[in-house]
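**Q** For 180-210, the entry in TrEMBL reads coiled coil. As annotated by TrEMBL, compositional bias 'Basic residues' applies to 251-261. Annotation comment: TrEMBL describes 8-74 as domain 'J'. The region 'Disordered' feature in TrEMBL is assigned to 246-266.
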Amino acid sequence: MAVPFEIEPYEILGVNNEATPVEIKKSYYKLCLIHHPDKKSGSDSSNDEHFQKIQFAYSILSDSKRRKRYDSTGSLDDTALDEDGFDWKEYFETMKSQPVTEDLIEEDREKYKGSDEEKQDIIDALQFYEMDVPKLFEAIPHLEFDESEEERIFHLVTELVDSKQVETTNKWDKYKHNRKSFIKRQLRKLEKEAVEAEKLQKKLAKQKKADQDISTLQGLQSIIQAKQRSSNQKLDSLINKLETEEDAKVKSKRGKKRGTKRAAVPDIDEEEFQRIQAKLKR
């Protein structure tokens, strides 16, 4: 079956082509939380499609064979990626029945934190970044910076170094020396981001209220216009009725005037005329 989308997987997940598997996994989780259809309002089908593109990109980059084939060919067509008989339709049907939700990610977080899988991911990341500890908070899934998590990771890395599971470097020595300064910088950065996020949230709330007010005004305007149209129609109907009645009255009067005749004056002879005239004189 042909691939469902023509996309650039690294671009969709917001990582570069040198990203580690743990970086890809962490970016995937974050994007799922942001773009999950349940987080979107309305019935825009583009929301579901973008979420599927995220899943599709992750299915390519999280699989070492598919990622290697894509990196070497730059192609997403079925000949390059479906040699193993992978059924994309079945994959998306499975994702629909088991969608990545906030509850599912929280459950995964609880299982992952402190597990052997997390430990191995940290070892891999430390080797990849040459013991640059701050990078762990960018690369490791579910690992968000705060003082307690920094303390946990610091002790874990110390144990790994002491047990020679990872080799120490100048970056590790530098981190230990400047650790307090790093924590303070990170806390200030998080505080600043929180303030900016609060400002943005208030701005969005105001914009939403303004949009609602505009929508309400437009609704009231429509109601007023509808009432005006109805009143105008009633007034026009009344005027037409009165004009019709007035025309009927005028026509009726004209008809009566035309039908009236003068009384016929009877013919009289000269003798009768003289008699009437003499009578009037008396």
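Each residue, glycine too, has its Cβ placed from N, Cα and C.
No curator has checked TrEMBL annotations; they are predicted automatically.
For each listed feature, how buried is it and what is near it?
**A** For the coiled coil (180-210), the residues of the chain that approach it from at least six positions outside its boundaries are 134, 145-147, 150, judged by C-beta separation under 8 angstroms.
DSSP places the residues of the domain 'J' (8-74) in helix, strand and coil in these numbers: 50 helix, 0 strand, 17 coil.
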**Q** In the predicted model, what is the mean pLDDT computed over the domain 'J' (8-74)?
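**A** Across the domain 'J' (8-74), the average pLDDT comes out at 80.
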